[in-house]
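As given in TrEMBL:
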TRANSMEM  A:26-45  transmembrane segment
TRANSMEM  A:57-76  transmembrane segment
TRANSMEM  A:82-103  transmembrane segment
TRANSMEM  A:110-131  transmembrane segment
TRANSMEM  A:137-155  transmembrane segment
TRANSMEM  A:213-232  transmembrane segment
TRANSMEM  A:262-284  transmembrane segment
TRANSMEM  A:296-322  transmembrane segment
TRANSMEM  A:334-354  transmembrane segment
TRANSMEM  A:361-379  transmembrane segment
TRANSMEM  A:385-403  transmembrane segment
Amino acid sequence: MSAAGLEVGTQPVTTPRTGRQRFTPAQWAMVVAGAIAVVSLLRIVTGAEDIDSSGALSAAVGLAVPIALAGLGGLWSERAGVVNIGLEGMMILGTWFGAFFAIHAGAWMGIVGAIVGGVLGGLIHAVATVIFGVDHIVSGVALNIIGLGAAKYLAARFFSGLKGGGPTQSPPLPNLPTITIPGLSDALGTIEKKQWFFVSDVASVLRALCTDVSVLTILAVLLFIGTYWVLWRTAFGLRLRSCGESPVAAETLGVNVIRYKFLAVLISGGLAGLGGGYLSLVAANIYRDGQTGGRGFIGLAAMIFGNWRPGGLLAGSGLFGYTDALQLRGGGETVHAFLLLFAIILLAIGVWQIVKRHNPVQGGIAIVVGVLTGLWYALTETVPAELTGMTPYVTTLLVLAFASQRLRMPAADGQVYRKGEAS
Amino acid sequence: MRHTIKVAAVMSAAALALAACGDSGGTSSGGGSTSSAGAKKTIKVGMAYDVGGRGDQSFNDSAAAGLDKAKSELGVEVKEAAAVNGENEAAREERLQQLVDAGYTHIVAVGFAYAKSVGKAAKDNPDAHFAIVDDASADSKGPNVDQITFAENEGSFIVGAAAALKSKAGNIGFVGGVNTPLIKKFEAGYVAGAKAVNKDIKIQIKYLTQPPDFSGFADPAKGKTAAEGMYQSGADVVYHAAGGSGGGVFTAAKAANAMAIGVDSDQALTAPADVKDVIITSMIKKVDVGVFDFIKSATEGKELSGNKVYDLKSGGVDYSTTGGKIDDIKAKLDDYKKQIIDGKITVPTTP
């Protein structure tokens, strides 16, 4: 059923999976439990209570969602073969349109507005790259400048006269509802305060997931599941991905490549816009000039390191959000405790690379970096403020670089395709 | 291929045009006739804002207030231009030069980021007069440059004392926008003030970004996250020197049902209504006075140059009492203020 588009009367060829084994749900649960145990141990050893407090985890979710949504936007576009470096510009449009709609039509319409803003950005990119065959990077860069300029102009034009607004910021925006499970949240909070090994940590994770969760966060999670299902489990998704792998082959099989690519870029814009909307509607409750701060690019990077897959992207943006939350909340001391965890992760990756993957070079480097980080932890008391800001970038880069193997982008990603090339 | 280039060219042109649209603040001519004292010289003032621009309800707005006052009271003609986050040195030089080229005789550059470009523009245009806010370095020094600086450490000392007096937990916080020497001056004063009241007080300090990333002045989401962390680990008063990110600090204070301290303007007046009641006081930095002095003196034919420090003594920095939340400790704060003015307390400028 899933490969309906490409089965042409022959036996489907089953390629043996090399090296990559699938985890069963039980195994995943073990992995999560193991991770919590390690962090719990770390908390007790270093005394950094904030390392997995429910507050820190909620903040991590808040910081990860915009990046993840931007990355998801990038995923749609690049899976259809269009490089989307204009995510940042689409996000900026999302922040402004989200704020504008929220002010004039209420918080829920703000979500719609953010998507509309992003889709407008996507439309420009789609027209330029898919219809006119402009180089994807050129169009993307132009879009970032357009997004920035347009939002600045629109903010100056529409927010200046409003009470509490100005040319660079909107009035405060109406709140989107957040969901808290009443009794459970407090009960888990009590357990969390006991600071028991493992139990308190599990409680803090659960508490973060059931306290003040924005509806937009839930929407983002649903979008991730939906994306995975649509792109990898439906004929539509297969056709869309075939446009990114081999548009010529797709067209010979009757796929309307131009239409699929166009649609993918529009969806991409909508998702990036929603990521921007999250920033203005949920994270800040206000539109501010320049509030995206390069998150679109980080989302793009998370998607690439996540090997153009939703799971990898989610892991990358989650890691980034978590480390960003730690350094923003705890500063030097928490980051210092985190060094130990980081060293352990790198050592584990190194051993795994050597023993399981027979990849001594990469594993060796990971172990050396891990040992150096461990020494850094042992010999210092805190991390200087000048370096804490780098934590999310360095951690995400190193962990994903060492953990992700054989990144493979869609084969025709970034190539301009013109209709009829197949003939 | 030619087609591609053509479309790309059109796109880039459109992009530049739009970016330019966003950049220009809009010219507004202040009443052509100078009604007051006919002897006064009519001058044209160009103002280049820092990142955030007019409407940040903080630092830039304070400068804008000085300009507005000059426009209505002195009848000067003004033009405004705002900076873009992440722009390079050349863009700032270009902005100042454009104002000069457009016939503006007195240029006010708001923010230390302009130091080098003011120095260069002042050298290139010896006939024009410049003022720079928050910089007294050799970079911007010149015979036609008025360097307006403030004793932020002194004002921060007072609000630091207020935070320590108001804190029940003995735990307070400081959120700095970007880790620069200027913001460290706020931190130094704040810490000294808090320690003067309670030498065992716990002070949590966080800078949102490191230079050259200046987004820490315009990222409320980060301000909120940082302040949330401080409140959750026991702080009950947080002071921010983070420009536009400060809104996030107030939101976090509101959610935690705690207190916050504003900066630059009297933020209990300018902040959104729903968070006003968490702001117990603000460290006021009268950028408007500095800007107005420069323009006023120019209309009187006396061009200011060199470094002028606006401190507690001259009323250039102060604390606000809007909302009446610190009325109970006002006497103590005024005592500290007096001691600083009399020179009995010397406030450090670096932490």
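The backbone N, Cα and C atoms fix where each Cβ goes, and this holds for glycine too.
Computed from a predicted structure; not experimentally measured.
Here the transmembrane segment (A:213-232) has Cβ contacts under 8 Å with residues 2, 61-62, 65, 68-69, 72, 75-76, 79, 111, 176-180, 240-241, 271, 274, 277-278, 281-282, 310-311, 314 of the same chain, all six or more residues outside its ends. Counting only same-chain residues 6+ beyond the ends of the transmembrane segment (A:296-322), those with a CB under 8 A from a CB of the stretch are 56-57, 60-75, 78-79, 84-92, 144, 224, 227-228, 231, 272, 275, 392-393, 395-397, 399-401, 404, 407-410. Remark: the transmembrane segment (A:82-103) makes no contact with the transmembrane segment (A:385-403), by the rule of 3 or more CB pairs under 8 A. Using a cut-off of 8 Å between Cβ atoms, the transmembrane segment (A:262-284) and the transmembrane segment (A:361-379) share fewer than three residue pairs, counting only pairs 6 or more apart in sequence. Most Cβ pairs under 8 Å with the transmembrane segment (A:26-45) belong to A:334-354, among the candidate stretches A:334-354, A:361-379, A:385-403.
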